[in-house]
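The domain 'Cyclic nucleotide-binding' annotation in TrEMBL covers 54-113. The domain 'HTH crp-type' annotation in TrEMBL covers 175-248.
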Amino acid sequence: MADLNDVDATGSPCSGEARVLGQTRCRAAQAASCDSCGVKDVSVCSALEAVELEAFNALSEKVIFRSKETLFLQGDDARAVYNVTCGTLRLYKLLPDGRRQIVGFLLPGDFVGLSLSERYGFSADAIDQVSACRFDRGDFIDFVDRNPHLLRRLHQAATHELTLAQDHMVLLGRRAAEEKVAAFLLAMRGRLRRLGGSAVTIPLAMTRQDLADHLGLTLETVSRVVSKLAREKTILVVPDGLRIMDAGRLEQIGAS
């Protein structure tokens, strides 16, 4: 987790080197063509042939969002669809009492804005620097109408999104904080491995407060659980992430 070793008073990451590396990766992702895009094979784009991909690319605008920059707010007109190519997005809702509930995190290859609703049902902002392909929603829908075979891949993406939402509901329903944290780490490991990541090291851009707001815990509880797992040598805190030292134990906790 980005802020476990070196944080400011608010729990925000303080790793300048990591930010520079992330910015470099995202600039490279923004400059990449569709053919060389690192997430093409795990995103909706994988369903398109070369000619179709070229036409799809012509509809998109390559955009970069700085850390904490907002893509859209809950209730805004749903005018755009985004395909994340680098970085991590935070999706959240503001509750009537002003509290923030983080409903999910999006990684490279994920689409956001695919809902049929005319307004966004949540807000989205960048945790670290994010690059994405932005599509006008009307142009995106027209393209899908002309290429109906894309619907199958969109259905898979929607199913994946629904699965993540269901997993989040299960996480919130767990009684023990340790179970919640362990299950979250295992889920993130699975998502990152799909992108070619390590089975051992989990790079996490989100802060402890983000994790607390996602799991329905307090900042202090998240810190206590992570410290306990580290003392027990189940995990090792490393710069900008965690390393799983005892996968069996973590899986046992997460499945409790």
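Numbers here mean position along the shown chain, with the first residue as 1.
From the backbone N, Cα and C atoms, a Cβ is placed for every residue, glycine too.
According to DSSP, the secondary structure content of the domain 'HTH crp-type' (175-248) in residues is 41 helix, 11 strand, 22 coil. Here the domain 'Cyclic nucleotide-binding' (54-113) is broken down by DSSP into helix, strand and coil counts: 6 helix, 32 strand, 22 coil.
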